[in-house]
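**Student:** Below are the structure tokens for one structure; questions will follow.
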């Protein structure tokens, strides 16, 4: 327990600079609005190291174990099946990817059904268990020369890699943990930082392979195909796989430091007080509540806590700090709220937050661990904020949330736009009528009161079909599916691909040399040491480093670019790059100009990470409501893995396995075909992916993230012309007069069947 306590103290310090005073919300409003308070606590933090390590450690484990196959498969070929014509490596990859797709569907659903914490660590136990089983896989007793053995190591590897794939498939947990615990402002940056673990996992796998090769080369002779060399290489691949359990163990320790997501506790388990308390516990630093100054310490009287009140003067966004000492004529138990009838004179009403026991002696209001005591007549909760006559939560214009949480007092004004202007692209007064505003407020309340069995058929039909949010799921799934066809087509058979890229002349074919030499550019006279070393060096230079650079660049840029627009244009950029790469490959294959293909291939990997490979991971964790977030992210991610499985089958079937031949130009043709899939990805991103950001008033930030609660409202939060769907998007390309006619028509007739 002392270790866990130390971890909590260490990791509860924000990593990225932030301004708590500017970002924290007022907590003295309606205590029933727990989700506002949970969100305000989270939003008061910047880039939080604890949450990052919890999510990133698990994702690093998954990436390392998934891409370790590129390191170990040449070793297995050298030791166990060093013959021509087999397809064992591809079937091992297919099994791993299919298991990963199954895990994504299963863990995504279970995380939404039973909670994120209920699944914390389970997938890591599966990874650890399967890792140890793979490392101990054996061919039994037999003869290496004849190939006869009492057991089948190939069957064992298929079974245990499938199990590992299921554990690796818990990808939705890392994404959703990050999205739900990250502040609105830093959500994109934190999720990109978590996804950085994918290229780092690849880099780490190659690094471990190189280190193991150097260590074992001291005690084994790898310059020949002797039995001693096979024993050493058999140790090597087991070391690489076995060390994958180490980050998994660390990930389990990190995940023990956080409770259930506050958003899940509130939205699904319907336990507001516990959601707020758990959130406070996570962000309560060891030295006190220093990173969230607006929350009172235990035992602090409420009247001593500063409050924010909106100043409805000429500068409608001005916020004045008010304490009991600023205006002694006011009761310390009252809060100043704008009188909607007299906003020009800045006259303030005084609305009591609770009954006064005595006119001369105010009651003792004390904050006690998430509740407020009212003197001798202690009540478990503070009396709800009283609204002026004619003001209710449903007769004010709907204004989406943003990075700066709405104070409960801001909902009292008849014209919230005077407090905070609506954000682009929802700033047109005609976009949301009074009736639509009331409907959206009611929709938001309905979201918070869904029955606990949120997987009832009626609830699923309501959200996905009748409200039209199936397009979000289709958009994220299709873009991920199309992306992974190209990404895994190029990156999951790395040794074979690198061998074709890094050669300036014909390579020896299987039969002329042992099979393991056909997946390397070393050529005749090479040995297993040279094969493994060259594969690692080439993959690091061509794939891993470029991917890391792309991910790092996106971490820096994510708050300054529109994620939806970036997804569309990065798909288009990849389409162009892949087309050029394929053409250049066909022209310079087996010539001294092969370096051009290497540069283009590395540039493709950089754009993959800077664009769709990261964004298809980020966006699904943002746009769905908490109760379906992991399920939908799991479906989208599983769709991607099925695209990866599909391309492996294409490799098997393509012109009698021509892609496996070391001197075949077929890879260039396939790369050109991949460019067509990227065009389709851009099309689906344009039609079915919603915006998750809006224009920022901060000159240092080009865009502002919408908060998860606003995004959870789905299609119904948007005016018709901003809704997703091919028909709606095509209407925006028509002349203005035609667009207005179509918009009017859609308002009258469009329904859930609109594509």
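We count from 1, first residue shown onward.
The backbone N, Cα and C atoms fix where each Cβ goes, glycine too.
TrEMBL: automatically predicted annotations, no manual curation.
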**Student:** Kindly point out the range from 499-520, 565-586, 697-718 that TrEMBL annotates with transmembrane segment.
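**Tutor:** Range annotated as transmembrane segment by TrEMBL: 565-586.
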**Student:** Looking at 217-235, 236-254, 255-273, 274-292, I want to know which stretch TrEMBL calls transmembrane segment.
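**Tutor:** Per TrEMBL, the stretch marked transmembrane segment is 236-254.
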**Student:** How about the transmembrane segment (666-689) and the transmembrane segment (565-586): at least 3 CB pairs under 8 Å, pairs 6 or more apart in sequence, or not?
**Tutor:** yes
**Student:** For the transmembrane segment (631-654) and the transmembrane segment (90-110), check the count of CB pairs under 8 Å (sequence separation 6 or more) and say whether it reaches 3 or more.
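**Tutor:** In this chain the transmembrane segment (631-654) contacts the transmembrane segment (90-110) - 3 or more Cβ pairs sit under 8 Å.
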**Student:** Could you check if the transmembrane segment (191-216) is in contact with the transmembrane segment (539-558), meaning 3+ Cβ pairs under 8 Å among residue pairs at least 6 apart in sequence?
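**Tutor:** When sequence-distant Cβ pairs are counted, the transmembrane segment (539-558) touches the transmembrane segment (191-216), since at least 3 lie under 8 Å.
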**Student:** Near the transmembrane segment (539-558), which same-chain residues lie under 8 Å Cβ to Cβ, leaving out any that are not at least 6 residues past its ends?
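**Tutor:** Here the qualifying positions are 70, 188-189, 192-193, 195-196, 198-200, 202-203, 206-207, 491, 494-495, 498, 501-502, 598, 601-603, 605-611, 614.
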**Student:** At a C-beta cut-off of under 8 Å, are there same-chain residues at least 6 beyond the transmembrane segment (236-254) that contact it? List them, or none.
**Tutor:** 3-4, 7, 11, 50, 53-54, 57-58, 60-61, 64-65, 68, 71-72, 75-76, 79, 121, 124-125, 127-128, 131-132, 134-136, 205, 208-209, 212-213, 216, 532
